[in-house]
């Protein structure tokens, strides 16, 4: 019974580690495709707020939330 509990705990830990690592990769890839990363200077608090910020800042195509790196957090990236 003790070995079964240990085996289940190990299995669940592996599943958790794999799911978290995949999430981080998706967050990096999804954020900045097609956008110029030079204009990611403001924290992103939502898609609509980012779009409005970029339009007011002079980027007529708007913007999108993106992350340049995992510890950087999400920034509002404006499109030229």
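Using the three backbone atoms N, Cα and C, a Cβ is placed for every residue, glycine included.
Marked as signal peptide by Swiss-Prot: 1-27.
The feature disulfide bond is assigned by Swiss-Prot to 40-78 (among others), with similarity to another entry given as support. Its own atom aside, the Cβ of residue 78 (disulfide bond) has 25 Cβ atoms within 10 angstroms in the protein chains shown.
For 44-65 (among others), the entry in Swiss-Prot reads disulfide bond, with the evidence type similarity to another entry. DSSP gives residue 65 (disulfide bond) a strand state. The Cβ neighbour count for residue 65 (disulfide bond), using a 10 Å radius and every protein chain shown, is 21.
The annotation disulfide bond is assigned in Swiss-Prot to 50-76 (among others) on the grounds of similarity to another entry. In the three-state DSSP scheme, residue 76 (disulfide bond) is classed as strand. Long-range Cβ contacts of residue 76 (disulfide bond) within its own chain (separation 6+, distance under 8 Å): 40, 41, 42, 43, 44, 49, 50, 53, 54, 63, 64, 65.
What Swiss-Prot records for 54-77 (among others) is disulfide bond, and it gives similarity to another entry as the kind of evidence.
Each of the disulfide-bonded residues 40, 44 was assessed for Cβ neighbours inside 10 Å, and the highest tally belongs to 40.
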